[in-house]
Amino acid sequence: MDFLPINLRLRDQPVVLVGAGVVGARKARFLLGAGAQLTVIAPEQDAQFRSLAEEHKLLWHAREYADGDLATAIMVIAATPDRKVNESVHREATMRGIPVNVVDSPDLCSFIFPAIVDRSPLTVAISSSGASPVLARSVRSRIEAMLPAATADIARFAKLHRHRIRETGESENDRRRIWEQIINGPIAQLILSNRWQAAEQALAELLDNHRAATVGEVYLIGAGPGDPELMTFKALRLLQRADVVLHDRLVNPDIVAMARRDADKLYVGKRRSEHSVPQERINELLVELALEGKQVARLKGGDPFVFGRGGEEIELLAKKNIPFQVVPGITAGNAAACYAGIPLTHRDYAQSVRFVTGHTKDGELHHRWNEFLSETETLVFYMGLVGLPIICAQLIAHGRPGDTPVALIERATSPRQRLLSGTLESIESLVESAKPKAPTLIIVGKVVLLADRLRWYGSG
């Protein structure tokens, strides 16, 4: 971060604004809206500013800025068209240790104004660190559309009852769950409908009936193939509700970072020949954490039920009567094919697709290879990079032509995605020279030929 986003209490605090043009008027509205005691220094004022001055109490000095004008200020904004004046304001503010903003001069700013969505007491600030104010305003517009004006009423309701919920005597985690039920449940909908009395009654019933949960819940979440934008809304919502997050090696760190800042993050990833946490221990850990009353997010790459051992993990939860939810994710086979421009089925090439594990056990792959011979079926091998020589040799030995197209997609959906194309006979030599790394997905079939025309991602 180039700038740390913080909220400042400016009510009744002395702030100086140098300049009274159109831009200065916009800054003045922000400052007066926050309750600042505003002093304006400028020889002339814009028409908008005159109107603003009539509406609010502010101190006006109809003259040029002079050294010493910032002696009592806690914040200063320079909004003049004169670079030399702005530099003088910056110099005095810096000498006095006062935060300073010089409009349209990021190099002279110790703080900047964000684009703001105001649903007071809820406010959302968006900043591009001065790189692109237009982008910040565009993002603000999207957030504005997401937050009804009545969102402010929910914030006021929360502020009104904050002390009441603190006095319930519940633990911090249980109080947070009460708030989640208020914000995400029927009470918020009553407030948005302007039914405050009904919302008050619903809150009283919630607090009367609430009992601290003795058992938590586990969310088995498919994090998708890597790109955070491919996560589902439900996956993100449950992830942000969790007290503890257990994540695999293949989960993008940017996705883990979407969890609550105060949530515990536990890495339980596994590599070939490096099982840092045995699967049995992961299963037990989910049970232990849930029995402590915690909400547990189990983040798994791709889809938890497609070569993700998700079924094994929830079997023990079901046996122990621990509540759980399973959130599907986009499996790597689908995602890699889409991002490489390879349709897994196509009317002219493939009428079916088969997902197969390529993970070797004791150096072997135990498949019914004679079932993989149809030229109108696409084969997708997961975790098959090490087993690639076996896959190619077995398919050829059982009757697949050596010129059958093959694609390897390395780090699918990430900026480092790479596509290697060849045939069953040639792909091994390509791998030896290109040296792809896991995770790499293997696709076998005529649909691979379409990648040259349909590839859209990462092709330059």
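A Cβ is built for glycine as well, from the same backbone N, Cα and C atoms used for every other residue.
According to TrEMBL, the region 'Precorrin-2 dehydrogenase / sirohydrochlorin ferrochelatase' annotation covers 1-203. Summarising model confidence by region, the region 'Precorrin-2 dehydrogenase / sirohydrochlorin ferrochelatase' (1-203) averages a pLDDT of 90.
Neighbour count (other Cβ atoms within 10 Å of the Cβ, all protein chains): 12 for Val22 (NAD(+) binding site). Marked as NAD(+) binding site by TrEMBL: Val22, Val23, Pro43, Glu44.
Among residues of the same chain six or more beyond the domain 'Siroheme synthase central' (119-146), those with a C-beta under 8 A of the stretch's C-beta atoms are 1-3, 5, 7, 106, 109, 112, 152, 154-156, 159. Taken from TrEMBL, the feature domain 'Siroheme synthase central' covers 119-146.
Around the Cβ of Ser128 (phosphoserine), 18 further Cβ atoms fall within 10 Å across all displayed protein chains. Look at TrEMBL and you will find Ser128 tagged as phosphoserine.
Under the heading domain 'Sirohaem synthase dimerisation', TrEMBL lists 153-207.
Annotation comment: TrEMBL describes 218-427 as domain 'Tetrapyrrole methylase'.
Per TrEMBL, the feature active site, proton donor maps to Lys270. The C-beta environment of Lys270 (active site, proton donor), restricted to residues of the same chain at least 6 apart in sequence and closer than 8 Å, consists of Asp248, Arg249, Ser276, Val277, Gln279.
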Study note, to complete from the structure: By a three-class reduction of DSSP, Val23 (NAD(+) binding site) is assigned helix
Practice item. Enumerate same-chain residues with a sequence separation of six or more from Glu44 (NAD(+) binding site) and a Cβ-Cβ distance below 8 A; give 'none' if the list is empty. Key: Ala20, Ala62
Check your understanding: Taking the residues Val22, Val23, Pro43, Glu44 listed for NAD(+), what is the greatest CA to CA distance in Å, to the nearest whole number?
Key -> 15
Point to revise | Residues satisfying Cβ distance under 8 Å from Val23 (NAD(+) binding site), sequence separation of at least 6 | key: Ala79, Val103, Asp104
Check your understanding: Reported as an integer number of Å, what is the Cα distance between Val22 (NAD(+) binding site) and Ser128 (phosphoserine)?
Key -> 22
Study note, to complete from the structure: Under a three-state DSSP reduction, the secondary structure at Glu44 (NAD(+) binding site) is coil
Review point. In Å, rounded, how far does the Cα of Ser128 (phosphoserine) sit from the Cα of Pro43 (NAD(+) binding site)?
Key: 32
Point to revise | Which same-chain residues, if any, lie at least 6 apart from Pro43 (NAD(+) binding site) yet have Cβ under 8 Å of it | key: Ala62, Arg63, Glu64
